[in-house]
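Only one structure is covered here, and it is reproduced in the block below.
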Amino acid sequence: MTFVLTVIVSISNFRRWSLAEWRIGDDLRVLSPGFESRWSPPFAATVCVEAEDPVEMCAGLPSRVLVMVVMVLVMVAVLVLGNDSVTPAEAQQGFKVLEIPKEEDKGNVTYHYPLDASRSFNAFTVCLRMRPTIFYFTNNLVKLTLGNKEASFVFHSTFQLKRIWLTVADVWIHFPLSSRFRILRWYHLCFIHDPSRRELVTVVDGHTEYRAAIAPPTEPLRADMLYLASGPSVNNKNYVGDISQVNVWTRALATKEILELAECHKDLAGDYVSWKDMELPGLTPRTVPHTLLCPRHNNTIYFVFPSILYATARYLCTALGSSLPQPATWEDVSALVSLTHAAGLSYVSRYAVWMPISDEENEGIWRSALDEDAAPVLLWSHGEPNGFTYENCAYVSQQGIHDASCEDATATAVCRVEDLPVFILHNTEKTLMSFVADQNEAKELVFRGFDGSAIVKVNGFWSWEGPDNKTLAVLSDEHFQFPMGGREWHTQEGSSLMLLTACPDGHFTCNDASCIPMEHHCDSKFDCKDMSDEDSCVNVLIRSAYQNWLPPHHDARHMLIAITFHVMTVSVSTEDMHLELTFNLSLSWTDKRLQFYNLKESRPNWLTHDDLQEMWTPHVLFPNAKGNEYTIVDQNTVGHVSRNCKPDITGIMAAHEVEVFSGSCNPITVTRRYKMRFNCEFDLLLYPFDQQTCQVPLLFQTNIRDYVKFSYTQSQVKYTGPSKLREYEVDSVLLRPPNVCKDQSDICFEVPLRRLSSHAVLTMYTPSLILLFLSYITLFFNPAVFEVRIMATLTSLLVMATIFTQSSSSLPTTSYIKMLDLWLLTCILLVFLIVIFHTFIEHYRLLKKGESEGKAWATRVVVGCLSPPLDLSHAEKCSQDPQQKAPSTRTSSTITTASTTMDSLVWAAKITLPVVFLIFLIAYLIFIITFNSW
C-alpha cells in the first residue's frame with residue numbers, strides 16, 4: 001500500500017495553525033491561496049483551522065497533542081515511503097510536461113523524434129499522459145512511421161470525444177469509450193499490441209476500455225520516426241494541450257504494470273522510446289507535480305462563491321449539478337469552515353456558509369431543500385433561531401447554525417461537484433459548443449470551450465468569446481447575474497434563445513438551469529420550479545414537403561392498419577331489421593415521414609387537432625350503414641402516438657433538449673365515437689327461438705385500397721355494453737377476415753344476437769297453450785249443454801286468432817312461415833277440430849234425443865193421452881212412461897247406434913287431440929334444437 005502524506009504545519013503559536021490533514025492510500029492537494037480550483041476537500045481528517053480570532057479553539061484538541069500526532073505520522077510515512085518506486089524527491093520534483101500549442105494551419109509544424117529503423121519488433125505498448133485544452137473533431141496523437149509515406153503507418157492513434165482510432169500496420173480499428181473525454185483533465189492512455197493473443201487493447205486511467213481482435217503483422221514492425229501531435233497525413237487536426245510520459249516498449253505490458261503507471265506508483269521508462277530522453281524541437285518542457293497528473297480516487301471539487309444571496313446560492317449550486325452543504329456533525333462544520341479558509345476568503349465570508357434549509361412554508365419547521373423533508377437535528381448556535389418570520393433561511397459558522405433573512409442576508413455558497421462540470425451550449429436548433437466550468441483566482445466563473453472559446457464576464461455582461469477573441473454572442477439582459485439556463489443572447493444575426501446546461505443525458509434543463517428527468521418534460525404537469533418544462537411542447541414534426549393526401553410508403557406491398565372496434569351500446573329493431581351501434585373506432589398505423597418528440601411510455605402522447613388535419617389519416621367506409629357513413633377527422637377526433645421504440649437521438653428544439661422518435665415504429669392512433677344504424681338481414685324462421693348474426697363490413701376508400709390493408713392479427717373488437725338487451729342477448733363480438741365477410745369488404749366484425757324468448761313464451765305460447773287446454777276441457781262438459789261448450793271453444797278460437805294477428809303485425813313480412821306462426825296455426829287448428837267435434841257430438845245427441853221424443857209421441861197417440869182424460873184411470877195411464885206403455889214406433893237398434901256413435905266421438909276427441917298435440921310438440925322442439933345447432 002502506498003502512503004501519501006502531506007502535512008503543512010506552521011508552529012508560531014500553538015493556537016495558530018494554517019492547515020494539517022492527511023490521507024492513507026490517496027493523494028492530497030494542498031489548499032493554499034492562489035490555487036486554481038482543482039483541489040481536494042479537507043474532509044479526510046482536519047486537525048486544525050487557522051484562527052484569526054484568539055477565542056477560536058483548535059478542533060477541540062490540545063495543541064501539544066496535535067503536534068505529537070503529526071510528528072509520529074511523519075516518521076511512519078518516511079519509513080514506509082522508503083521502498084516506493086516513486087521517491088519523495090521525485091514526487092516533489094514532478095514530471096516533465098510539454099505543451100503542444102495550437103497551430104492555425106494543420107501540419108505546418110511537426111514534432112518528431114528519430115528512431116532506430118534497424119530495430120524490429122512485433123509486440124509493443126505505447127503509453128502517455130495528456131491534458132487536452134482544445135478538442136477538434138479528430139485529433140492526431142502519436143504516430144510511428146517508416147519512410148516518408150503519406151498514409152502508411154506502423155502505429156497511429158487519433159481520438160475524438162467518445163472514441164479512439166488506432167492503426168497497426170495500416171489496419172484501422174475503432175475503439176468506443178465508456179465516457180467522453182473532456183478538456184482541462186489529465187488522462188493516462190495505453191495502447192497494447194499483443195500478437196501472441198491476437199488483440200489490440202485500449203486502457204484509459206488503468207481501466208481496460210476495449211479489446212479488439214487483430215491479425216498479427218506478416219513481418220516484423222520497424223519505425224524510423226515518432227510524430228507527436230503532428231506528422232504525415234494531414235486529414236486530421238493536431239492535438240492541442242499538455243502531454244507527458246510518452247513511452248514505447250517493445251513488449252506487451254502486464255495489466256498490473258499499466259495500473260501502477262496510471263496511479264503513479266511507478267515511472268517506467270520505455271525500452272524503445274523513453275520520455276526522459278525525448279527532446280522535441282520547438283517545445284520547452286516544464287515540471288508539473290505528480291499529484292496534478294496522477295488520477296485520484298476522489299476528484300471532488302468545490303466551487304466557492306462569497307457574499308451572495310440565498311436564492312443566488314441555490315441557483316449556482318443547482319446549475320453546477322450540486323447542492324448547498326448540510327453539515328450533520330461538528331466535525332463537518334469544522335471542515336466546512338476550514339475549506340472556506342483555504343479558499344482565501346475574508347474573515348466575514350469565511351464563517352457564514354449557506355445551508356439548504358428553510359422554514360418559509362411553516363414557521364418553526366425547518367425543511368431541507370434537498371428532499372423537502374423535515375431537516376434532522378440541527379446544530380443551532382446559542383440563542384438561535386431567533387428571527388421568527390423575518391429570518392427563514394440559515395447559514396452555518398464555526399459557532400453553529402444561524403437563521404437569516406432570505407432576501408437581504410449574504411453568505412458564502414459552497415458547491416461540491418465530483419469533477420469539473422461540462423456545460424453544453426444550445427441554440428434553438430442545434431448544439432453549439434461544450435464548455436468546462438472553472439473558477440479563476442477572483443472566484444469568478446469561467447466557461448472554457450472545447451474549441452478554445454470561452455464565456456466570461458466582460459464589463460458587467462456575459463460574453464461568448466471565440467478562439468480568435470472575437471465576440472460571438474452577448475447576454476442581452478444584465479438582470480441575469482450568470483449565464484446558466486435559458487437566456488436571450490445577442491448575436492450578429494440578432495437575438496436568439498440559448499441554453500447553457502450541465503444536465504446529464506436523459507435530463508431536461510429548466511430555464512433556471514435545474515435538471516429534471518426527460519420523462520417529466522411535457523407530461524402535462526409542472527416539474528420545473530419556473531414551470532418551463534411545459535413550454536413549447538410539440539409532439540410531432542411535419543415537414544413542409546409532407547403530402548397528407550398520400551398514404552405512407554412502406555417497404556412491403558401494403559401498409560398495415562390496425563383497427564380497434566369498441567362497441568359500447570347495441571340496439572336491435574326486429575321490425576325494421578336494423579342494428580344501431582354506438583362505438584369508438586380506433587385506427588393505428590405508422591408513418592416514417594414523421595418525427596415525434598418527448599414520447600412517454602406511461603401515458604398517451606396526444607396530438608392536436610391541427611396536427612391531425614395536417615397528417616394523412618385513413619378513410620374507412622361503412623357500406624351497409626344507412627346514409628353512406630364513413631370515418632371523419634373533426635373536433636371530436638382524438639389522436640395520440642404510442643411509444644414502442646427508444647428515441648433515436650436527443651435533439652434540440654426551442655433551445656431545449658428533446659427526445660426525437662422515428663415515425664416508423666411509433667404508431668399513430670386516431671379515435672372517434674360514432675353512432676350508426678346498419679342494415680341486418682334477419683332469418684326469422686325459428687322466431688322466437690332464433691339466433692341472428694349481424695355483420696358490419698368496413699371498406700377503405702377506393703384511391704388507397706391498393707396501398708393499405710387491415711392487419712387482422714393486430715386488430716381487435718370488443719363489447720363493453722350490457723349483455724342482455726330488450727329482445728336479444730349479445731354474445732362476444734367477433735372480428736372476421738375478408739374471406740368470411742358477406743360483402744366485398746376489407747374486414748368486418750360480427751355481432752351475434754340470441755333472442756330472449758321469455759317474452760314470447762309469456763305473451764304467445766302460454767296464452768295459446770292455456771286456451772288450447774280450455775278448449776280441450778270443454779270435451780268433458782255435459783253434452784246436453786252445447787251452448788256452453790261451443791261458446792267456450794269459439795271464444796278460445798277468437799282469442800287465438802287475435803294473438804296470431806298481433807304477432808304477425810309486430811314482425812317483418814316474410815315469405816316463409818315462422819315457428820311462432822306454426823305454433824299458433826296448430827293451436828288454432830286444434831281448437832277448430834274441437835269445434836267440429838262439438839258439432840258432431842251435438843248432432844248425434846240431438847239425433848238420439850229426437851228418436852226418444854218421437855217414440856213418446858206415438859205412444860201418447862195410441863192410448864189417447866192427447867185428448868182430455870175422461871176419468872181417473874185414464875189419467876193414470878197417460879202419466880206412465882210412454883216407452884213402457886206405448887208400443888214401439890222404431891226399432892231399439894237405431895237408438896242404440898246413435899248413442900254409441902256420440903260416445904265414440906267424445907272419447908276419440910279426448911284421446912286424439914292430446915296425442916296429436918304431443919307429437920307436434922316433440923317434432924317442434926326437435927326442429928328448433930336441430931336447426932339452431934346447425
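Just so you know, glycine gets a Cβ as well, placed from its N, Cα and C.
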Here TrEMBL annotates transmembrane segment, and of 62-81, 762-781 the range meant is 762-781
Which of these links to Cys515 by a disulfide bond in TrEMBL: Cys503, Cys522, Cys528?
Cys503
Scan Cys510, Cys528, Cys537 and flag the one TrEMBL records as disulfide-linked to Cys522.
Cys537
Near the transmembrane segment (822-841), which same-chain residues lie under 8 Å Cβ to Cβ, leaving out any that are not at least 6 residues past its ends?
764-765, 768-769, 771-772, 775-776, 778-779, 783, 786, 789-790, 793-794, 796-797, 800-801, 803-804, 807, 902, 905-906, 908-909, 913, 916-917, 920, 924
With the fewest other Cβ atoms within 10 Å, the residue among the disulfide-bonded residues Cys503, Cys510, Cys515, Cys522, Cys537 is Cys537
For Cys503 (disulfide bond) and Cys510 (disulfide bond), what Cα-Cα distance in Å is obtained after rounding to a whole number?
10
Distal contacts, the transmembrane segment (911-931) - CB-CB under 8 A, six or more residues away:
685-686, 689, 772, 776, 779, 819, 822-823, 826, 830, 833-834
Residue counts in helix (H, G, I), strand (E, B) and coil for the domain 'C-type lectin' (294-416), per DSSP?
30 helix, 34 strand, 59 coil
Here the 10 Å Cβ neighbour count for Cys528 (disulfide bond) comes out at 19
